[in-house]
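*Asks:* Have a look at this one before I ask anything.
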Amino acid sequence: MIRVIALSNPRLAQAFVDYMRTQQVHLDMRPQGHEAELWLEDETQLSKVQEALEIFLRDPTNPRYLAASWQTGSMDTGIQYQRYSYLQTLKQKAGPLTLSVMVVTIAVFILMQISGYESVMTWLAFPAEGQQLQLWRWFSHALLHFSLLHILFNLMWWWYLGGPVEKVLGTGKLLVIALVSALVSGWAQSWCSGTYFGGLSGVVYALMGYVWLRGEREPDGYLSMPRSLMAFALLWLVAGYFDILGMSIANAAHVAGLIVGLLMAFWDTYNKTNPR
């Protein structure tokens, strides 16, 4: 038997043990002070465990690990563990880009409350006629939010989806998805309603499409989104077209972002699912 790692959070350690059990690998978890040590019985499986552990440590709160605990019926570690604050949980799941966008978006929202929407939009709104060479505008409109509910809803989804993408695929991949979807969704919305709009929702819908389809095409991968959540997202999108919610919604941005995410996920998984 060989010691694999010691984790300070036994609940996360149990999640990894349960996940590896679904991969036909048995790990033994032993309490050691305030930590949980993981031991491997079959040393021939060490490389497989180390590879899975590396991915797990990038995104330990990914829903697939919780699903593994439900599948194996093991949710109680039997070990006393320290509690983590909301801030620690937030940082644990998110990478630097995820957190940076959240901080900047919140700062822009506060500035809008202090100086007024118009003054901030003068600098950050999608480019109007004659402003096309102000290149930041093609992306900065995603930072604009017009109500507390608007910003909370978008940042929650950005963290929930963008964090795992950055942890698993890297900051570069999340940056590409964010920039491409902001550009395309902004253009689509401006074509339909002019330049007076803002919000991260086009990027969020791109992440929804990307994570969901990637999980469907790579069931054994490390990114997934429950179909029930995807169904909710689609219902929300449809509701926006019927004005059921009683608020102004950037429907074109949502649709464009979703299409961008689906296309990027299809492209990224095409060679894996269709080997030559």
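Sequential numbering from 1, following the chain as shown.
Here the Cβ of each residue, glycine as well, is placed from N, Cα and C on the backbone.
Okay, these came from Swiss-Prot:
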- Ser201: active site, nucleophile (ACT_SITE)
- His254: active site (ACT_SITE)
- 94-114: transmembrane segment (TRANSMEM)
- 142-162: transmembrane segment (TRANSMEM)
- 168-188: transmembrane segment (TRANSMEM)
- 193-213: transmembrane segment (TRANSMEM)
- 229-249: transmembrane segment (TRANSMEM)
- 250-270: transmembrane segment (TRANSMEM)
*Asks:* Provide the number of Cβ atoms within 10 Å of the Cβ of His254 (active site), excluding the reference atom itself.
*Replies:* 27
*Asks:* Let me check one thing: do the transmembrane segment (142-162) and the transmembrane segment (193-213) come into contact, meaning three or more Cβ pairs under 8 Å with sequence separation of at least 6?
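*Replies:* Result for the transmembrane segment (142-162) with the transmembrane segment (193-213) is yes.
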*Asks:* Measure from the Cβ of Ser201 (active site, nucleophile) and count the other Cβ atoms within 10 Å, all protein chains considered.
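*Replies:* Cβ-Cβ neighbours of Ser201 (active site, nucleophile) within 10 Å number 28.
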*Asks:* Six or more residues beyond either end and a Cβ under 8 Å away: which residues meet both conditions relative to the transmembrane segment (168-188)?
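*Replies:* The answer is 55, 58-59, 62, 95-98, 101, 126, 138-139, 141-142, 162, 201-203, 205-207, 210, 222-223, 250, 252-257, 259-261, 264.
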*Asks:* Report, as numbers and ranges, every residue of the chain located at least six residues beyond the transmembrane segment (250-270) whose Cβ falls under 8 Å of a Cβ in that stretch; write 'none' if there are none.
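*Replies:* Counting only partners 6 or more residues beyond its ends, the transmembrane segment (250-270) has Cβ contacts under 8 Å with 176-177, 180-181, 184-189, 191-193, 197, 199, 201-214, 217-218, 233, 237, 240-241.
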*Asks:* Could you measure between His254 (active site) and the residue listed as 'active site, nucleophile' for me? Cα positions, answer in whole angstrom.
*Replies:* 6
*Asks:* For the residue listed as 'active site', what is the secondary structure by DSSP, using just helix, strand and coil?
*Replies:* helix
